[in-house]
Amino acid sequence: MKHKPPVWADRFFAWFCAPHLLHDLQGDLHERFYERVRDYGVRSARFQFVLDVFSFFRPYILRRRKHGFSQTPFRMLFGHYLKSAFRSMKRDKQFLVVNTFGLALGIGCSLLLIAYVYTELSYDRYVDDPSSVYRISCSTVIDTKETQFAPIPPAIGLALKEALPEIKDMARFMTWSYTTGNSSVTYQDKSFYQQNIFIADSTIFKVITFRFLAGNAAALRQPDRVVLSHTLATKIFGPDYLERRDLLQTVIRIDKQELAVGGVVKDIPYSSHWHPEALVGWQGRGNDNVWDDSHAYTYIRVNPGTDPQVLQKRITDFIAANENIKKVAEAFGAKVAVFLQPLTDIHHHSDKMYELSPGGSVGYMYAFSVLALFFLFSSGINYTNLAIAASAHRFKEIGVRKVIGALRHQIQKQFMIEAVLITFIAAAIGVGIFYLLIPRFNTLMEYKLDMSIFRQREFLMTATGVVLVLSLLSGFYPAFYLSWINPIQILKSKLSGGPGKAHFRKTLLMTQFAISAIMIVAVLVVSAQMRYLSQKDLGFSKENVMIITIPDAYMKDLLVLKEKLLVVTGVSGAAVCDYVPGYSDMVDEHYVERANGEMKSSTVSRLHFDKDYLRVLGLEVIQGRNFDPTNEADYKAAYLVNEAAVKAYGWDKTPQGPLGRKIEGFNYGKKGQVIGVVKDVNLFSLKQKVAPLVMGLTPYASFLYVKTDGEHPTEMVSRIEQTYKAVMSNEPMTYQFLDERLMRLYESDQKMNAALVSGSQVLIFISCLGLFGLSAFMVTQRTKEIGVRKVLGASLREIMVLLTRDYVRLIFMANLVAIPLGYLLMQQWLKSYAYRVDLSWWMALVPVSLTVLLALLSISFQVARASRANPVRTLRYE
Amino acid sequence: MKGTNLGEFEELVLLTVGILQEEAYSIAIAKEIKRVTKRNVIFAVVHSALNRLEEKGYVDSKLGGATQERGGRSKRIFTISAAGKKALLRSKTQRDALWSLMPKVVFKNI
C-alpha cells in the first residue's frame, strides 16, 4: 500500500464529516481507493477519491457545529449576507445581467487561453519521470555560422551509451520515408498514405512511455515486426481490432515491405512533440556505423540523481576525444558539438534543422497570457465600476446598517460575499461559454482542446484560483468604498448624486478602453503585414501552380506523367523539384570556392530540379545558362547559384566572375562548376533575406510543379487527376497549390492574427457592455438635472452633448496612451520579418474613431431616452 | 420517525441488505446493486439511503471487523429489522396485487 489517497481531500472530509459517521465512512472511502488503485491505476483512483469526497457533501453528513458564542453570529450573518445579496440582485436586474454576462464572457475567454497555455506547458510531460529524459542533438560551426540539428549521426548515440554509465537507456529513431514523409500502408484491399512512420530501437519503450494495448515491447527486437498506434490500427483493421485473435500475426505492408503486427500502443497525447503512428525495428534498417550523417533522433534516460551539467561535460569530453568525430569534423572543416536537451524543453525551445514538429512559440504563450489577463482585467473593471455605480441605490441600506451597529469590516464582508457570489455564478456560465468556444478556437488555432482538460487537477485548481482572485479583486474596491460612507450624511440628506470619487472609476474605464485600443492597433498591424505578405511580388509566379506529390514507389513513372500532363488542355508547363515551401528547410554542407580560389565548406540552402523549373516559376537566368538535360555532364557537374551566393562568396568582386567556380556537394557527392546565375527571389520565407542558394539538376524528385492557365480550377484539377490515375495505376493524388503553401509559411502569424481579431472583438464588446451599464446608472442619477435643463430651455442636442462629452474625452485620453504603446509593441513583432509593412497614420486613426464610435453607440441608447423624457414627469414630485 | 413509505432506491438497498446478510456494509451493497441492476450507483447515494432507512427504523447497524485496507477502521454492518422486513413485504404485496390486475394485452407486443 505505497499509494495514499490525496491528503488534502482526506483532511477536508474529516473536517466536514460529522464525528459519529467519520470512522466508518472514511474506512469505506479508503477501501474503495485501494480497490481502484488495483483496477484503474493511481491517478484515476485519486481523482475518483476526490469525487467521492465531494459526493458526500450532503446535509446529513455535514458536521453540526457546536452552538457557542463565536460561531452563531457568524453563521447567522453569513446567511443574512447571502440573503441580502440575492435580494439586491433581484432588485437590480440590469446590474445583475450586465455584470454577470460581462464577467462570464471574460472568464470563458480567459479560461480558453489559460487552457491553451496550460496545454503548451504540459508538452511531453506524459512521459514517466520526464525530467530524466533528454534528447541529444548536435551542431556544426563552419566559418562562424552555426547550424543546429535535431537528429545526430546514429553511431554517436551508441558510442555514448557504451561509454557513459549515467545513461540508463538510449533509443534512436529515424523517419521511414525520407522524401515526402508519406508511405503507403496496405492491408488486404485497403491502401492509403500514412505519415509519421519511424524506424526505432527497441529501447524506445524504456525512454518514452507507451501503453501497450496488445503485444509488448519485445516486438521491435524482431526486424519484421511493426508496432502500430491505436489510431492507425483502427484505420487499418476497424474499431474492433483488439478482438481479433490473430492480430499479432496479421501481416500488413508498408511501402511494399511485409511486416507483422507486433503490438498496438495507445496514442501519444496531443501535447507531445513526437507522434509516431507506426514503429518498425531498427535492426537491418538503421546503420550503426554512420558518423557523418545526422538522421537519428537520439533520446536517453539518465540514472536518477544525474547532474545534467556534469553529464554534458562528460559528453563534450568524449566527443572531443573521439577519432571518428575528429575525422568528420576535419572533412567538413567544421566544429562539431553534441549537447543534451531536456525533453520538456524541446517543444518550446527548438528551432533546429529537421525538427519532428514545429515548435510552440514562447511568444504566443506570453501573448496569450497577457490576453487572458486583459480579459480578466476588463471584466473585473466592469464589475467594479458597475458595483460602485449601482451602489447609489444602496446607500440607505448601508446607512441603516451602520446606524444599527454594523462594523466596517462587516459591510466589507457583505460586499465581498456579493462579489464572490456573482463571480462564481459568472464562472459557471463562463465554463459554458468555454465549451461553446472550443470548436471555434480549435479551427482558428488548429489545436485540440476539449472539456477533458477540466479533469486535470492542476488546471482545475488554477482556474478556480483565477476566478477566486478575480472575485476578490473586483469586489475589493466597492467593498472598501461603500464601507467608508458616513451614515449620518446619507440618512440626513436625500443623497441622490453619484458617489463622489469618480476619477478612480474614470481611470478604470480609461484602462479598459486603452486595452481595446492596443488590441485594435495590433489587429491592424498584423493583418496589414499578412496582406503585405500575400501580395508581395516574390519575383516568381506563384499563381496557378499546382504541386503534386509523387510517392516514392512511383518515382519511375514521373517522366511519363510529366509528358502526359503537358498535353492536358490548360496545362502550360510542368517541372520537377525536390522542395516545397514549408516542408523541411533544404540546408546542406557544400565546399564552395571563394574569391581567392580556396575551397571552403559552407552551409547553404540547396534545391534540385529539372530544366523546366525556372521557366514554370518564371525565374530568370541573368548570367550563364540554364541546365541542359541532353548534356550528360550537367547531371554530374553543373550548378546554378543565385545572386546572393555570388555576393556572399565575393565572386562579384573579381574579374573572373561566378561562372566556372567550383562547388562540391557533400551529401550528394557531386563535384561541379557554376554554369549560371539566377535572379534573387524569395523561394523561402519572407522572414529572412534571400540567402545563398545552390541548385543542381535532377530528373527525378518528389514534387511535380504543374503550371495551369487558372481557368475553371475545379475542372482543371479533375482533368489532371484523371491523367495522374491513368499513369499511377489508380493511386490517389496528393496535391496542393503553391500560393496556399507559401502562405502556410506564416501560419503561426496568421493564427495569431485570427486570435487577435476574435480576442479584440470580445474585449471591445466587454468594454462596451460595461459602458452601457455605467451610462444607464449615470442617466438615472442625472434624470432630474436633465429635467431642469430642459425646462430652462436646453435643446435635445445640447443635452446629448453634455452627457456624452465626458466619456468621449476619456476615450480620447485612453487612445492617447494606448496607441504609442501599441505601436512600440507591434514594431517589435515586425522585426521578426525581413520584409515588412510600414506603420502608417491611419493605423492610429482607426482605433480612435472605432472606440469613440462604439462608446457613443453604447451610451447613446440610454442618453437619448433620458433626454427625450418629458420633464414634467421627472420633476413632478420635487 | 420520518415518513414510513419506501422509495424505489431505498427498496433496492433494503433488498440488497437482506440478500447480503452478514456481509451487508455500504461498499458491498453498492457493488451488488451495480452488478445486478447495471446502474451506475454513486456510493454516497447508497450511504444516504442507508442513513434514511436507519432513521425510519428499517435497518439496524453495528460496527463490524476492520481491515488493513481501511486503515484499521471498522465496517458498519447493516441488518434488516423486523419493521424493514414488514415494509418490504408490504411493498411486494402491493405490487403483486397490482400485477394481478394488469391485463395481459399490455405486454403483447414486447
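Even glycines carry a Cβ here, placed using N, Cα and C.
Annotated features, as they stand in TrEMBL:
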type     : residues  : note
TRANSMEM : A:96-118  : transmembrane segment
DOMAIN   : A:98-317  : domain 'MacB-like periplasmic core'
TRANSMEM : A:364-386 : transmembrane segment
DOMAIN   : A:370-487 : domain 'ABC3 transporter permease C-terminal'
TRANSMEM : A:415-439 : transmembrane segment
TRANSMEM : A:459-486 : transmembrane segment
TRANSMEM : A:507-528 : transmembrane segment
DOMAIN   : A:517-722 : domain 'MacB-like periplasmic core'
TRANSMEM : A:762-780 : transmembrane segment
DOMAIN   : A:762-871 : domain 'ABC3 transporter permease C-terminal'
TRANSMEM : A:807-826 : transmembrane segment
TRANSMEM : A:841-864 : transmembrane segment
Tertiary contacts of the transmembrane segment (A:96-118), as residues 6+ beyond its ends and Cβ separation under 8 Å: 89-90, 365, 368-369, 371-373, 375-376, 378-380, 382-383, 386-387, 422-423, 425-427, 429-434, 436-438, 441, 445, 447, 449, 453, 456, 458-459, 462-463, 466-467, 470, 474, 759, 762, 765-766, 769-770, 772-773
Outside the transmembrane segment (A:459-486), six or more residues from its ends: residues with CB under 8 Å to it: 103, 107, 110-111, 114-115, 118, 376, 379-381, 383-384, 387-388, 391, 394-395, 398-399, 402, 408-409, 411-416, 418-420, 422-424, 427, 430, 453, 499, 501, 504
Winner by Cβ pairs under 8 Å against the transmembrane segment (A:507-528), considering only A:364-386, A:415-439, A:841-864: A:841-864
Helix, strand and coil counts within the domain 'ABC3 transporter permease C-terminal' (A:762-871) (DSSP): 92 helix, 0 strand, 18 coil
Confidence summary (mean pLDDT) of the domain 'MacB-like periplasmic core' (A:98-317): 90
